[in-house]
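Student: The structure under discussion is supplied below as structure tokens; questions concerning it will follow.
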Amino acid sequence: MISGFITDAIGTHSVFGAFVFGLVIPNGALGVVLLEKLDDFVSGLLLPLFFAISGLKTNFASIDGRTWGVLAFITFLSCAGKIAGTMLVTMFLRMPYNDGFILGVLMNAKGLVELIVLNIGKDQKVLDDESFSVMVIVAVVMTAIISPIVATMYKPTRSSVSYERRTLQRALHDGELRLLVCIHTHRNVPAIINLLEASNPTTKSPLCIYVLHLVELTGHASGMLIVHNARKSKHVPTAKNRIQAQSDNIINAFESFEQHSSFVSIHPLTAISPYNSIHEDICSVAEDKRVALVIIPFHKQQTVDGGMEGTNPAFGSVNQNLLAKAPCSVGILVDRGVSGSARVAANEVSRQVCVLFFGGPDDREALAYGWRMCENPGIALTVLRFVPAANATLSTMLPTDDPDNPNVLTVEATSSWENGLDDEYINDFRSKNDDDESIVYTENVVNSREETVAAIRKLDNYHDLLIVGRGHGVMSPLTTGLTDWSECPELGAIGDILAESDFSSTVSVLVIQQYIGSSQHELTGSPHSTSQSDDELIHRRTWSPKKTDYI
């Protein structure tokens, strides 16, 4: 206010004083604090008053009948000109015409700056009442019609990228595997790098890794996605701010990993967005880059005494939103020491990996990742399959006494179909790795969820990494009811048990959810895969069942 008063006293409009005052505030903690303190006062009091005063200055009576016709013509020309110009550019760039039209409509949006300029023109007697009123009405009408037009025409789901390899199970055995790893802080980097080292990059199946640093957006600045050039940029030690310094450290760590590894390419990015919507940026990058798996850290980290404590509650919400909206498979990494040993070359990594298999698409995805890892000569894989005993059935777990209940029949039919998929995939895995001494397959027969929990807690600290499916949407007598006591539902029933502080202090856990999709492409096969033979699908570690197999 003082700056505005000074500029008004020297003959310049007061808005320029406030603008200059904003320019001299340094970008950093001071600006964020001032914004937080003044936001309610400005947005809740001053801004509504300014809009109300601008409306009161608008004199509809000063506009005669002829001027109303001119007003409609001006509005039409203002909109049509920008839309036509944008459409020409989109035609030249071969973009969809619908996107070009929507961009042209958005170009007509008017905001606070336009009203400020109009008020300055009226105060300086540059605009009379009629001209001011016409321009205010044009700005209001053009802005008001944008929202319904965009909401009607723009459907993000329609323009989604179409690609088939959205899961590890469908990924080509001899093709490039694309992964998106999300990083909150530098503490997540060592565990992620060691996990990527164990993912067995080879000349036939290299790893293309997109590293996304997640940064919370503060203040009222616009969110952004920054694409870094890892090969050409030279990151200096003295960064402009803390966020840039942290991004530089993360990028440098992954650049070093790329230089010391073979068949690995790193593409760093930074997403700056509010935590309540940053999962949309993750999904957008995953779909745009056509990745098969998104790996994101668990929102709890290990303490010195071996327990697990939360770092930021917002991280848990990000993980849950990502699981609900992800366009591909998702893995949540609970780090308890994957980063504990020194990092060495990829072909020298020594890890004991165990896959817990209960059944369902998520567990098949977990086995697919373990299958890829075990091809690394330094990885020893144990597959522990939990099999329900003969007296453990789903129908006995359902809250009904009617044996003819259609819900019981539906659940049992679905379970039978899923069991067929599990058996087919397990048999394929065992037949392909029958002679591999580094792979151990065992079955554990259990009668109830209590025996399941007891068997899990008996797992020793021999393994470095446990991989388990989230089990979302799968009903099993071995896990039914366990979710009622889950502290972290994003990990699923089994993952929540493995992530408890009293389970282990040295075994890390990777919980995987397989992408299914609303159209069930992953189960019934896509139009491009229906004509492929079973041998080709098995070679790609994929099994697409026929619709008549389990009806």
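Every residue gets a Cβ built from N, Cα and C, even glycine.
Owing to the predicted nature of the structure, the values given are computational and were not obtained by experimental measurement.
Features from TrEMBL:
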DOMAIN    3-150  domain 'Cation/H+ exchanger transmembrane'
TRANSMEM  12-35  transmembrane segment
TRANSMEM  41-58  transmembrane segment
TRANSMEM  70-95  transmembrane segment
TRANSMEM  101-120  transmembrane segment
TRANSMEM  132-154  transmembrane segment
DOMAIN    207-347  domain 'Cation/H(+) antiporter central'
DOMAIN    352-517  domain 'Cation/H(+) antiporter C-terminal'
COMPBIAS  521-532  compositional bias 'Polar residues'
REGION    521-551  region 'Disordered'
Student: Can you tell me how the residues of the domain 'Cation/H(+) antiporter central' (207-347) break down into helix, strand and coil by DSSP?
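Tutor: The counts are 45 helix, 41 strand, 55 coil.
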Student: In the domain 'Cation/H+ exchanger transmembrane' (3-150), how many residues does DSSP put in helix, strand and coil?
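Tutor: Here the numbers are 121 helix, 0 strand, 27 coil.
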Student: In terms of Cβ proximity under 8 Å, which residues at least six beyond the ends of the transmembrane segment (132-154) contact it?
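Tutor: Contacts of the transmembrane segment (132-154) (Cβ under 8 Å, skipping residues fewer than 6 from its ends): 54-55, 57-60, 62-63, 67, 70-71, 74-75, 78-79, 98, 101-102, 105-106, 108-111, 114-115, 118, 121-122.
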Student: Looking at 41-58, 70-95, 101-120, which one has the highest count of Cβ pairs under 8 angstroms to the transmembrane segment (12-35)?
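Tutor: Ranked by Cβ pairs under 8 Å, first place goes to 101-120.
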Student: Looking only at the domain 'Cation/H(+) antiporter central' (207-347), what is the mean pLDDT?
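Tutor: Within the domain 'Cation/H(+) antiporter central' (207-347), the model's average pLDDT equals 82.
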Student: Against which stretches of its own chain does the transmembrane segment (101-120) lie, if we need a Cβ under 8 Å and a gap of at least six residues from its ends?
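Tutor: The answer is 13, 15, 47, 50-51, 54, 57, 78-79, 82-87, 90, 127, 132, 135-136, 139-140, 142-143, 146, 149-150, 153-154.
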